[in-house]
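**Q** What follows is a structure written as structure tokens; I'll ask about it next.
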Amino acid sequence: MKALLLILLTQLCSASLVPEKEKDPEYWRRQAQETLRTALRLQRLNQNVAKNLILFLGDGMGVSTVTAARILKGQLQNRKGEESLLEMEKFPYVALAKTYNTNAQVPDSAGTATAYLCGVKANEGTVGVSAGVTRDRCNTTKGQEVTSILRWAKDGGKAVGIVTTTRVTHATPSAAYAHSANRDWYSDGEMPPDALEGGCKDIARQLVENIPDIEVILGGGRKYMFPKNASDVEYPHEDKHRGTRLDRRDLVQAWHNAKPPGKVAKYVWHRRDLLALNLSRVDFLLGESLHPRVPQPQADAWGTPGLNNETDPSLTEMVAVAIRMLQKNPRGFFLLVEGGRIDHGHHEGKAKQALHEAVELDRAIGLAARLTSPQDTLSVVTADHSHVFTFGGYTPRGNPIFGLAPMQSDVDRKPFTSILYGNGPGYKIVAGERENVSAVDFAHANYQAQSAVPLRQETHGGEDVAVFARGPMAHLLHGVHEQNYIPHAMAYAACIGSNRAHCNAAGRPAAAASILLPFLAFLFLLC
């Protein structure tokens, strides 16, 4: 009876769900014609050389996450949500990337990072190495190292930077500078004896040593830089934040020592110090354990335990600092920006956290667009992989994205939320039956959405992910690609890396024209 009443109520209210302007067929025709005019303008391709490159990576930001984040963004603006546009969705070129690892149908973030940063597909769990390396096997690493687009940009004279909401030694950022048979070898304290004896270096050490002139590094993971049991500057009484290094090295000091004489290197861990920097007087910037916060509509903060809005900057704030730092180089820059906690939210089954993280990444994309120009900056937005996250249930227009479907199950006669997971920690049986979600606060930030299969951690999904592109040569990203194609297209656009023959030839037509034009003008006068 309740289900019937709910359906009748939905039908009665359905007319009010449709905005008045959308009832007019001309509204949709005008919209389509404007989209058509925009598409026709894209026939004039932007074939400029990309001075700047920005790669935005939403960790775990599959297509369903993008769509749900779009709706959330609109609803945060007191709109229905479905008609909204994310900043990334304003990019004119869209492709799909196949995410599988060389040894995995459903990938992990390390093998995928090697693909979209180094241009080579790899095995799961390994970073910055070819598929010839077996996970955990240090002795398979030598000679199998592959370089990243960050290295190509640095070798091309550009400034380079990394910004992440996870630790700077995590899978995504580490593939930009490290070569490791195991993504989890953050410091030597996490490495097995045979790997240490085999001469393999931990990822934090490689951050400092492999490419010592990275201009901007902002993220978390400070404890991997300090000697084992060293007290943390921000959390001196918490054991979990103590240093982990067995070699007793202070890698922050090593980072300072590696800088050329006369160059100014700044290390910060507090939001206040980060935003107070006079960037014109800073050559190198390292900010660690900044635990980036995400603005929330709720009064109570959530996310990283111990998160402090006074000390922790947002991703958007960090991106603003990074771009302004890198723009000082007249030859341009490469910047990797990772929204890493989208993935963390999904793994915990906490869709609210994941989607707010996606909206914050999109906010950073919008800021970057305002600070740069598509005439000389190629911006690419993509994901490393998806998650088994979905939303459905015939919800009406404007239904709260974290709300209930307008129906009950016709099997167990219980309501369900629109958002569900294929597997994960949200699987709950109460008195031998599926939990009744109307008895819990399903709108809470820490609510774990129901899942079909019980797992302590929800898993990645295996479907293709979207690639959004804008700027010089963005049209090279189209159709369905292998994920490792992405850095090759970006490098081609910027004339960095190994494929640069077209760059040398690019100036020849213009040079020829400058010689021929006066001659042609003279012939015209004779005629």
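Keep in mind that glycine also has a Cβ here, set from the backbone N, Cα and C atoms.
Straight out of TrEMBL:
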type: SIGNAL; residues: 1-15; note: signal peptide
type: BINDING; residues: ASP59, ASP343, HIS347, ASP384, HIS385, HIS460; note: Zn(2+) binding site
type: BINDING; residues: ASP59, HIS170, THR172, GLU338; note: Mg(2+) binding site
type: ACT_SITE; residues: SER109; note: active site, phosphoserine intermediate
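Help me understand the surroundings of these features in the structure.
**A** Proximity of ASP59 (Zn(2+) binding site) to non-local residues of its own chain (separation of 6 or more, Cβ distance below 8 Å) is seen for SER109, THR166, THR172, GLU338, GLY339, GLY340, ARG341, ILE342, ASP343, ALA383, ASP384, given in sequence order.
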**Q** Might you list, by sequence position, any residue in that chain lying six or more from HIS170 (Mg(2+) binding site) with a Cβ less than 8 Å away from its Cβ?
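**A** Listed in sequence order, they are SER109, THR164, ARG183, GLY219, GLY221, GLU338, GLY340.
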**Q** Tell me the Cβ neighbour count for ASP384 (Zn(2+) binding site), meaning other Cβ atoms within 10 Å of its Cβ, over all protein chains shown.
**A** 31
**Q** Tally every other Cβ atom lying within 10 Å of the Cβ atom of THR172 (Mg(2+) binding site).
**A** 28
**Q** Per residue, counting other C-beta atoms within 10 angstroms of the C-beta, which of the binding-site residues HIS347, HIS385 reaches the highest number?
**A** HIS385
**Q** At a 10 Å cut-off from the C-beta of ASP343 (Zn(2+) binding site), count the other C-beta atoms across all protein chains.
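**A** There are 29 such Cβ atoms around ASP343 (Zn(2+) binding site).
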**Q** Determine, for the Zn(2+) site, the additional residues of the same chain whose CB lies within 8 Å of the mean position of the CB atoms of ASP59, ASP343, HIS347, ASP384, HIS385, HIS460; present them in sequence order.
**A** GLY60, ASP108, SER109, ILE342, HIS346, ALA383, SER386, HIS387
